[in-house]
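In what follows, a structure is listed as structure tokens, so that the remarks can point back to it.
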């Protein structure tokens, strides 16, 4: 599939713009200035539209290829401000620290947590161990999951310290000062950011960190 058909700019320009934004804590204006320094004049609003268009595509391609997970999962959530109101980004990683999935919700309750875990099981199968924080909503959700999917009663472990690994994964989101104006904008952007970060972590754990290029990864994904 040609994802760059009828585009005014060359695909290399688009992949650089999208890759830089999704990988680094840069603004759309920063990306526009970087491209201008390379002799390419692109308005920052155009960069925004590219990110909104390609980030969900990259996320879907990544999810289709990402089907395996280790038996132990860690699940946590963090706060994301959207148009002045708090929303909640649920995140899951496996025993090796690889990202399983993310999900942005307006509410932090047992229904949201249950739906997220159910979604994970549908994609990766049943886990042997799930580590979460001690939030009451998560405990209720896990009790429902254990009953619904007939998991072992002791598969759920709550610990603030055992879950430190996944809390570190929130940092690359927290360092950004992005002001999201709608839930859809936030969803699209975060899907792209998490997709690239997941690929970065995979390269880092396979000792290929010095060869990681978000633009190269995007080119490969969109060429498949």
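Every residue, even glycine, has its Cβ placed from backbone N, Cα and C.
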*Match it up for me: which of 33-52, 53-72 does Swiss-Prot list as DNA-binding region?*
33-52
*On the DSSP side of things, how many residues of the domain 'Integrase catalytic' (73-222) fall into helix, strand and coil, could you say?*
77 helix, 35 strand, 38 coil
*Please spell out the DSSP helix, strand and coil residue counts for the DNA-binding region (33-52).*
14 helix, 0 strand, 6 coil
*asked:* On the 0 to 100 pLDDT scale, where does the DNA-binding region (33-52) sit on average?
replied: 97
